[in-house]
């Protein structure tokens, strides 16, 4: 009886660890999608040149600091 309990306990523990890994992977992939979307919004505008460290926001057509723009939202 004790042997079966320990086997079931180990199995459940492994299952929980695997579920945790999967959920972390989904969060990371979701974060990557959001960052990629933000990066696609920050493309250079052909009619506007921005200084080093800045990029053109396609929607507002203004230069914004790249690091600030990615983390403001």
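Each Cβ is built from the backbone N, Cα and C atoms, and glycine gets one as well.
Source: prediction; values computed, not measured.
Pulled from Swiss-Prot, these are the features on record:
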DISULFID  45-56  disulfide bond
DISULFID  50-63  disulfide bond
SIGNAL    1-25  signal peptide
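Separation of the C-alpha atoms of residue 50 (disulfide bond) and residue 56 (disulfide bond): 7 Å, rounded to the nearest whole number.
Taking only the Cα positions, the spacing between residue 63 (disulfide bond) and residue 56 (disulfide bond) is 4 angstrom. Neighbour list (residue 45 (disulfide bond), Cβ cut-off 8 Å, at least 6 residues apart, same chain): 56, 58, 61.
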